[in-house]
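Structure record follows, encoded as C-alpha cells.
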Amino acid sequence: MRRPLVAGNWKMHGTHSSVADLIKGLRQLALPSGVDVAVMPPCLFISQVVQGLAGKAIGVGAQNSAVEPMQGALTGEIAPSQLADAGCGMVLVGHSERRLILGESDEVVSRKFAAAQSCGLVPVLCVGETRAEREAGKTLEVVARQLGSVIDELGVGAFARAVVAYEPVWAIGTGLTASPAQAQEVHAAIRAQLAAENAEVAKGVRLLYGGSVKAASAAELFGMPDIDGGLVGGASLNADEFGAICRAAGS
C-alpha cells in the first residue's frame, strides 16, 4: 500500500515575516496520521522552516539543486549535499517552470536527479505537457520521453527511492485542473512505463498530481487508483487550504 504524500511548493514566494506566519499556521494544523506531508520553501528560508517546524510531522524539501552533488565552484547554485545538511529530505527536479523558462533539458534534469539521490535526498521528478502538446495529442509521448530520459540514464531502480509528479503545464497557476480521468490516464501510463522495466518498482513508486490542486478538487483526484497525493502550488501558501488538501489525501 503506497502511503499518500502531499508536498507544498512555495515557489518564489515569501519574506521572513510571511514565512513565520505560515509556519505558525502549519504548526496549528491537525494532520492525518496516514499521510506524509512536506513543504518546499525558497532556499533562503529553508533553515527558518526546518527550525520552525521542528517536532511537527512536516518534512522540508527544496525546489531545485545543482547538477553536482558536492559544494564547489558553481556560483549561484546550491549543492544537494548542502540541502541535506540544512535538513532537507527531498528536492524537486525538472519542474516545468525550470524546463520552460530556464531551459533545463532532459539531460540536465537527469544529472540533477542523480546528484540529489547520491546525497540521500528523494528526487521528485516533475513531468508534464504544455497546452499545445495536449491539443496535438502528444501528452503521453511527452511524459514518456521525460520519464524515459531518467530511466535510460540511471535505470528504473533509481525510482525505488524517488517520487514522480505529473504536472500538466496548462493547469499550473491558471486555475484549470485536469479532470480526475485525465490525470489518472497519465498516471496509469507512467506506472505502466515503469512496470515494463520493473513491476515491483512501479508498484511502490508514489505518483503525485500537480496542477492547481485545491481542497475542493483534491478528494476526487486522490481517489484515483494511480494518484498517490499532490504537489500543491499556490494553495500551499495558505495553511488552512493546505491542511484541507492533506486531509483529503488521508480520506
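Note that Cβ sites are derived from N, Cα and C of the backbone, with glycine treated the same way.
Among the features that Swiss-Prot reports, active site, electrophile is placed at H95. With a 10 A radius on its CB, H95 (active site, electrophile) counts 27 other CB atoms from all the protein chains.
If you take the C-beta of E167 (active site, proton acceptor) and look for same-chain residues 6 or more apart in sequence within under 8 angstroms, you find H95, S96, C126, V127, G128, Y209, G210, G211, L231. In the three-state DSSP classification, E167 (active site, proton acceptor) falls within coil. Positions annotated as active site, proton acceptor by Swiss-Prot, on the basis of sequence analysis: E167.
Among the features that Swiss-Prot reports, substrate binding site is placed at N9, W10, K11, G173, S212, G233, G234. Around the Cβ of G233 (substrate binding site), a 10 Å sphere holds 22 further Cβ atoms from the protein chains shown.
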Students should find that the Cβ of W10 (substrate binding site) has, within 10 Å, a number of other Cβ atoms equal to 21
The most crowded of the binding-site residues N9, S212, judged by neighbouring Cβ atoms within 10 Å of its own Cβ, is N9
Min neighbour Cβ count (10 Å) across binding-site residues G173, G234 flags G173
According to DSSP, K11 (substrate binding site) sits in coil
